[in-house]
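Worksheet for the structure shown next.
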Amino acid sequence: MFSIFNIWGTFNKVLFFLSLTVSLAGLVGNALLLWHLGLHIKKGSFNTYLLHLAAADFLFLSCQVGFSIATIVSGHEDTLYFPVTFLWFAVGLWLLAAFSVDCCLAYMFPSFCSPNRRPRFTSVVLCLMIWALTMPAVLLPANACGLLNNGMSLLVCLKYHWTSVTWLAVLCGMACGASKFLLIFGNCCSSQPPPKFCKLAQCSGILLFFCRLPLVVYWCLRPVIKFLLPFFFPLATLLACIDSSAKPLLYYMKGRQLRKEPLQVALNRALGEESQSSLGGLSLPMHQV
């Protein structure tokens, strides 16, 4: 019995320090991404989402590092750790869903939904609304269920919790559905390859499914999972840190054409707004008779 607890304790420590290491690397990557996107790349409808997504990932990783260091110093985990980190995680999830759906609509209906056919600051306003609305969507259920304080009312907790579960399920469905549509129809049913932002949405959707979804599942079923699978939360946290840390590397790999290329050049190629005429649209391949 004691050997099982020793193995579990060692496994938990390994996941903890892996998460801390990945978070530190991700902080550097997202800081560079924010600097280049914010100061050196012209903002457009699509890369505005990615700028705000990098800010959300940076805040999530910052809280992860801060609370981890506090845990090492104090020897116990702060009660605010999970709701605060999940707040920025949820902002990133909502931004990713909005980005994927926007790419999908612009690809399907370029004549109606392309960025040059809508008000200039649509993406900015939508991102600001996401930041504002995510706070009550996460903090109200967290407060009602005793994550922010010791008091809890079961009925109020259930009402707020299932509302948040429905909201998160819709976001995950939107992001995964849009990225899957772009992956299938963009490669099979179009006469031209998908634009670069659609490819980024495809890759982000795959990362979301494997790396973000476990932490969403933990939020939805926290009491059950905490009792039955105590190792699930550290593992889900590590996967979420990998997702938030991998995006700058993903953008760099998508923009790099030469083996050794400056970071700014690769990011500008990957995230700079392209000509909207290249958005194309969904069309069936033509075959000559």
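In case you wondered, yes, glycine gets a Cβ from its N, Cα and C as well.
Note: TrEMBL annotation is automatic and uncurated.
These features come from TrEMBL:
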type     : residues : note
TRANSMEM : 15-37    : transmembrane segment
TRANSMEM : 49-74    : transmembrane segment
TRANSMEM : 86-109   : transmembrane segment
TRANSMEM : 121-140  : transmembrane segment
TRANSMEM : 160-185  : transmembrane segment
TRANSMEM : 197-219  : transmembrane segment
TRANSMEM : 231-250  : transmembrane segment
* Would you call the transmembrane segment (121-140) and the transmembrane segment (49-74) in contact, using three or more Cβ pairs under 8 Å, pairs 6 or more apart in sequence? -> yes
* Asked: Would the transmembrane segment (15-37) and the transmembrane segment (231-250) count as touching if the test is at least 3 Cβ pairs under 8 Å, pairs 6 or more apart?
  -> yes
* **Stretch contact, the transmembrane segment (49-74) with the transmembrane segment (231-250), Cβ-Cβ under 8 Å, 3+ pairs** => yes
